């Protein structure tokens, strides 16, 4: 039976609301290229209504309903959301798979992580209560001082299409835990599950206006959200180019932003590895989520002593990856998200060949799949560091390869990038791994693995991969401001000026 896409409206002030201009955007299943539904298209007019709803939510009952409520109150809602997501896991995972092309097993894993992330931030919300009025030791006895942690206000959350609900959760859960009111704008290429999050919030009775969800195009909904004077912060995950535009818009209002942007992450494989273990992690690091991961380890830097043997084995692993409709049992590589992304990736591969690189494996549509935006797992060798394929993010199932002869050369190649999100090193020599992990210019380093992610650990990059950290306690701090409160406690007058009474 075909999976039905629920027909939803925008979610504003706790209610479903038709877009002011009544526009909608078709949903295309990337595995079949068929239209399977549509989503509402918000514009600046809807952003205005959502911002007003969010500001009212913060001010309601002088803030006591949400922003100034005990963290334990907000935690109850977060736990209710987590439970409802877990209850609807199977249904939501299927919607995710047909909307963005992610293999169903991966989508189900994502939904588990969504539920776990809401639970985690429920715990941190409760912990906030104990952190209020933290005393500060001062050098002058006449004063005492403490710190308050307060929500930053109304936040705009702009999220990508590769992990539609999970990436939204990485922002929504800590923002709500902190006591902010949020406006979520997911990517127009994959918004279905974010609208289901709205339905979950409605079911659990989340106070109106605390979370508003606007689907729509970036220039029609995302841009007016980023530049709105009554939005106190923007958190964005997406391309470096769009991140730069958001920074520019926010700069006009001196508005804080946190950005998780592109990557061209390296995986360094030394010559002492177990070939099969290292080959599987190398494949997982680039072909998981159909290669559409900001942190994908898309540059393989392999020791020359084992390069030929390793690549032969890696090709065998790639040929064993089941490429299929995401709902098909055992699927491990689905289609990329859209026709535009499909064409862009094929152009990257063509340019690599024209610049002198060699496609060792893959590089085209799988022969057995005539429809859908499918691309084989692709390995490209004979790469130079000046080539586009080495320098630019592909965001697809494409791995480029270079060899090295020394640790210093490996590090030079690994750090030869404008990006600095993730990096991996694989070796049995753990002292070497520790040394290399310190030298890698990245916000996340994996040792003897690639891509594991836990909501307890910080996530974010350096260089053009952005700044700020999501997840863990760092993710909560993204949505909090710190207020110093200092009191004069001496009975004596301050005594700096001569008292008029003594003149």
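Each Cβ is built from the backbone N, Cα and C atoms, and glycine gets one as well.
Just so it is clear, the model here is predicted, and its values are computed rather than measured.
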If Swiss-Prot says 238, 239, 240, 241, 242, 243, 244, 245, 393 bind NAD(+), which of 180, 294, 449 does it name for the same site?
-> 294
Which single residue out of 189, 197, 206 does Swiss-Prot record at the Na(+) site shared with 28, 99?
-> 189
Excluding 28, 99, 189, which residues of the same chain place their Cβ within 8 Å of the centroid of the Cβ atoms of the recorded Na(+) site?
-> 27, 29, 30, 100, 101, 161, 190, 192, 337, 338
Select the most exposed residue of 162, 240, 242, 244, where exposure means the fewest other Cβ atoms within 10 Å, treating these as the recorded positions.
-> 244
Roughly how many angstrom lie between the C-alpha atoms of residue 162 (site 'Transition state stabilizer') and residue 189 (Na(+) binding site)?
-> 9
Candidate with the highest Cβ count within 10 Å, taken from the binding-site residues 28, 189, 294 = 294
Close binding-site residues near residue 260 (active site, proton acceptor), where close means Cα within 10 Å, chosen from 28, 242, 244, 294 | 294
